[in-house]
Amino acid sequence: MKLKNLYIENIRSYKKLDFTFEDGVTVISGVNGSGKSSLLEACFMGLFGSKILSKDFVLADMIFKGAESAKIHLGFEHLGREYLIEQAFRYSLKSENASNSRCVLFADGENIVDQATRTYEEVCALLNMDEEAYRNCAYIRQGEIDVLINAKPRDRQRMIDDLLQLGKLEEYRERAGYAKTAVRRLERDAKNSFLGVKAEIEGIESTEPVAAVNRLRQKVKETDAILEELNKKKEFAAARKGELDLRIAEYRERLQEIEVLKQAIRKSQEDKAACFKEKETFSEEVQVQRRVLLELGEENSGMREECGFGDLEIEALLLQQEKSESSAREKVNSGSKELALLLKEEETGVQALRELEKDKVETERVLVECRTSIGAANKEIEGYRANIKQLEEENKRLREKAGFGAAGEIASVIKELEEKESLLRDRKNEVSTKLGFALKEKESGDASLRELDSEMQSCRVAVSKGKSEIEALEKEIRDNSKAVLDFQEQKSEVFAGLKALGFTEEQLENLEDFNELLLENKNRLHGKEKELEVTLREIENTLRKNRELLAEGKCPTCGQELKGSGIACTAEECEEKKEKLSLELADIKLQRAELEKKLNRLKEAKKLEKQAYDYDIEIEKLLEKAKASEKLIDTHRTRIEEDSLKLESSGKRKQELEAAGSKLLLDIKALREQEKAAQKVHLESEKALREAKVFERKLAENASEIESLNGKIRTSLALIENYGQRLGELNEKLKAFAEKETQSKEKLEALELTLETARKNEEEAKKAHIESARLLGEAKKLQANLLRMQNIKHKISEFEAGIGNLAEKIGFFDREIVERSDRIRQLEGKLEGNRLEELQQKLARFEEAQVNITEKIREITAEKDTLLKEIGMIENSLKRLKELKEELKALENKRLYLEAVYNNADELENTYMRVRADMRARNIGALSILLNEMFSFMYTNNAYSHIELDPEYNLTVYRKDGTPLEPKLLSGGERAIFNLVLRCAIYRLLALGFGGDRPDGLPPMILDEPTVFLDRGHVRQLLKLIDMMRSIGVGQIIVVSHDESLIDSADHVFQVEKDPLTNMSSITKI
């Protein structure tokens, strides 16, 4: 595999980068933090996606800060095909989380996978390794220089087995073990099912089902014969019953017809009687109507004579009377209208007369009011003039009392008083301000004295408390010293116990390493013990089979004698191998027992070491506590000194404040006396000013009142003049009202005469209309009587026709009665006396017989159904018996098959175990050779002879004198060399094909800062190591380093730089 191209956007410190990889050795250099390792991480992430991230490093950390999306496009060549992986990521600023938004794998330009998980699986399948195996084989990350060294043997075994594809064999062995367990479970279930089926078969056969079925079938045949005979009897009874039913039905029909005929005769007779009755009613009604007709004729003749209608036809008479009534009604209406107009005119005149009288009264009232208002105005004028005279006299008295002459003198005096009052007020305010400042200063001094007293009291309390704290802390220090001595004695006892167990104080630091080594040895012995036990079981099985064959003497296949053959020799070799393995197994068990004792001793030593550690912690805590107490004592003493100095300065300050306060008291007393005198003078000035202003205000008010009264007098004189004009107008108006009243009264008298004449005319017209209306009503009544006479005549003719129809009906009913009576006699002649009862008795006997036969058939049928049900159950049992026998045979075959499968799975599991152990041994041997070869090539110091890699992947370094040493106990530089050698050895082993891969299918080697712990000599050896890896077929080697020698020897060199302003990295080829 070779990397071809890397295109990234917004990954770590790279905003955008398009980088092409070259064959050979490529060195990437740059200052710390420039983004070299980020470039390798981008390649790693391009291959395996987010699977490379650890728990402390999330996907969002890979995206450039502030970016919302990122891309990685990685192109590579593998086994002759061109591949391209496109990864895209999306970052949410809101949730601050990132996710994979696109993951596509192209092969030779064709899209083969387009989902993150599937792409990851496809890449793992292509490379035959996942991200962890890639790190352990080809990618040595910065900070993971000794991962394989520090790993536990079990983890190291898993890592290397996965790289060499041995983990598949372990997986297959586990699958075979699971299959064996499952087959054993199925075999047990099949055996239980076999026993259950067998027990069920025996239970069914014990009931003799075939004989029982034959007996029941014979009983069914007998029951069928009885049912056939009963069904014949039932059919005969049913036939006889049917005949009787028909005869009885016919008899009943005839009886029913006779009854119907009799009812019809009775109905005809009733209808005939009803017709006779109705005929008589019609005859009586004809006589009544004829009497009414005669009365109406006589009434019409009387009306004609009374009203003078003569022999005129009723229509002409009605027309004449209607015209007369209409003419009279029109005369009444015209008279009523004329009368209404006259009445309305009279009402209008009366209303106008009333309005004139009302206006006259109102005018007279206004006239009286005007005369009254003129008198009142004259009285007000006299009052106003009296008030003016009184106010003028009051003003004169006020001026004489105050000693003022003109109004100008009053204003000048008030101005002088105001200026004097202002000067006195300013003086009073000045004295009050000085007094306020003095009082405030006195209050501030008193507050300062109180604060000083409080502060001095706090200092005294703090000094007392500090001395108490110092005494308590000194006592605590003495107690801590005593406790430290006690813990040191207990610690000495613990070290004595450790010495008794054989551990020195210097060995306590390595107890965990000893414990881990012992546990690893224990696990290794346990695994070896299990392998030996499996091998011993296989040998015993082989011996048992060989002994059985030897006991028979001949080969069961070819018949050849087995004595002295290869089987006999193999049996002897197996016996010897068994004895040897048994001794080895016993030796391993002894070693395990010895390890258990060592582990117990180590466990006790760890307990004691923990106690000693706890005592050290307690002693350290007590010493720290003592130091803290001493610091507190020093602090308290310093504070006591500070508080004492503070007390002294506060005392001096208090004396100064008290002296200043005494002086202020004298000043305040003098200022209060000055303030009192100023207030007295100011009050007298204010009083004089107020009295002057009162005089001035009173004079001004009186002048204003006089002016107001003069205005009112002028107003009253104007009102009197207006009222005089109004009186003239009202007198003229009263004269006009008198003339209008006289004219209205004359007009009303003329209307009264006209109204009397109109009322007489209306009364005469009404009388004439009443008479014409009466005659019209008589004519209409005559018309109604004539119409009623016509209706009566029509009714009489209808009644006479009805009487004829009823006579015909009566003849029809007589004929009907005769015909039905003849039919009844014929039907009664066909009946045979009282034979119906006899037929009914026979029918009852046949019905009873039919019911009995049916009940017996039902009972026998139920018995037959029971027999058939039993037969069905037994037949089901026979069918079940057949099925169970087939199932029993199948279960037997299944059990034998599962037993064979179990044996095959057991043999397969053992085979996988042997193959894995064999392949692991071969790989370990090859890896050990390569490891020592490269270690001797790489390591320039001659302090170590070789490295041992045991079957459990435990690594041990041996010194020249043969002393073994754990790799983790090597120095940092030695561990770095050891790690490089181990990684390169694994890579070489994979290149040789032990893992099943072709050499050109391996990924490029990537070394991130491999020279961190190496000196100059080992750096030169690293260059040779890189050349060696190139010689075995590694097409690409990518190194991140600052070392100049690596840079000089590289085929391609790139420089990575980061812009400090934008924090973005860039790469250039050198």
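FYI, residue positions are counted from 1 along the chain as it appears here.
Using N, Cα and C of the backbone, Cβ positions are placed for all residues, glycine too.
Note that this is a predicted model, so its numbers are computed, not measured.
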Annotated range (Swiss-Prot: coiled coil) out of 72-102, 196-226, 227-257, 258-288:
227-257
For Swiss-Prot, the entry coiled coil belongs, out of 300-344, 570-614, 795-839, to 570-614
Among the residue ranges 369-403, 509-543, I'd like the one that Swiss-Prot describes as coiled coil.
369-403
Suppose you had to name the range Swiss-Prot annotates as coiled coil; which of 149-178, 419-448, 449-478, 719-748 would you pick?
449-478
Tell me which of 103-133, 878-908, 971-1001, 1002-1032 corresponds to the coiled coil entry in Swiss-Prot.
878-908
Ser37, Gln142: which of these binding-site residues has the sparsest Cβ neighbourhood within 10 Å?
Gln142
So if I measure Cβ to Cβ from Gly33 (ATP binding site) and keep only same-chain residues at least 6 apart in sequence, which ones fall under 8 Å?
Lys1058
Checking the binding-site residues Gly35, Gly972 for other Cβ atoms within 10 Å of each Cβ, the smallest tally belongs to Gly972
Going by DSSP, is Gly33 (ATP binding site) sitting in a helix, a strand, or coil?
coil
Near the Cβ of Glu974 (ATP binding site), how many other Cβ atoms are there if near means within 10 Å?
21
Taking every residue in the coiled coil (878-908), what is their average pLDDT?
84
